[in-house]
Amino acid sequence: MSAPLANDTFLRALRRQPTEYTPLWLMRQAGRYLPEYNATRARAGSFLGLAKSPAYATEVTLQPLDRYPLDAAILFSDILTVPDAMGLGLSFEQGEGPRFARPVRSEADVAALSVPDMASLQYVFDAVSEIRRALVQDGRQRVPLIGFSGSPWTLACYMVEGGGSDDFRTVKSMLYARPDLMHRILEINAAAVIDYLNAQIDAGAQAVMVFDTWGGALADGIYQTFSLAYMARVVEGLRAGADGQRVPVILFTKGGGLWLESMAQTGADALGVDWTVNLQLARVRTGGRVALQGNLDPTVLFAEPDAIRAQVRRVLEDYAAGGDSDGHVFNLGHGISQFTPPESVAVLVDEVHTFSRALRTRLP
């Protein structure tokens, strides 16, 4: 039997239930802005050495929680674990980011693709279980654990391009010239992501997030067909947790503010939004069907403390202008920069918790 949660504010917010304050966590909260993370990564020898070790992954997952009173932990891993398990030869070059030795470019490459055996990703599921155990203090679990995956489209971008890209010329060329091949890749990716997230849920993930990092690179109409439809398939394929309760699902398309109405119809419990979106309008546009997560510009954290506090208050007030503060998870609009001063994060966390409590006393 799992330990009860000491702090379930994050899960209640995802379910749009009343909360005493606005919970927060940060995308890339375990990362290079923390000196303790860099020390652990040095011991691991490489990024993959870090990500593929359940012990190291557990250590770095807990580091931001030991420094700040965050309301959720997120599994330390990488979105490219799934295509790596497909045998595409993932490596991380210093200063260049991820690279695949065998990108998916030809009809033969696509024909050779298959959903990977989840046993090859056991290190991820072992990390989930180990993190859940490590979160327990005095018989209670400190905060919930989030699992995650890249979206089918975002994974396809890396698989076809062979790494990151400024213009996605190769993958978009395939999409327009051979949509049949692209749909085949996306079908395999969606099936793999469903298996992957369900295995994380079985291992103990209490919420899951789908990162559609490159969905915003698509044209209107194309996004709905080649990204959103496959994320909806993923949401539909996820199962309940060990307690029989639905595990909340968060969808995040960076640059996807144009499509919030459609995203809210996927069955997801929450939508991540970036800093280009007004949260009050986002609530209206989504009709109260989903919780919202976001949406501070990460570069605000390079400002002075007073400016950080002012921008935090602006985000919280924008959401509360919709009538209440329920159903809001505070986050950045994208991942935290590696150059962020750790003390700025302390200011952010304090202001979110303090001001959101005060704001609730002023709301009807």
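Glycine too: its Cβ is placed from the backbone N, Cα and C atoms.
For reference, Swiss-Prot has these:
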BINDING   R28, Q29, A30, G31, R32, F47, D78, Y158, T213, H334  substrate binding site
SITE      D78  site 'Transition state stabilizer'
_Cβ-Cβ distance under 8 Å to R28 (substrate binding site), same chain, at least six residues away_ = G335, I336
*Of A30, R32, D78, T213, the binding-site residues given in the record, which has the fewest other CB atoms within 10 A of its CB?*
R32
*Extent of the substrate binding site in Å [max Cα distance among R28, Q29, A30, G31, R32, F47, D78, Y158, T213, H334]*: 23
*asked:* Can you tell me whether DSSP puts T213 (substrate binding site) in helix, strand or coil?
replied: coil
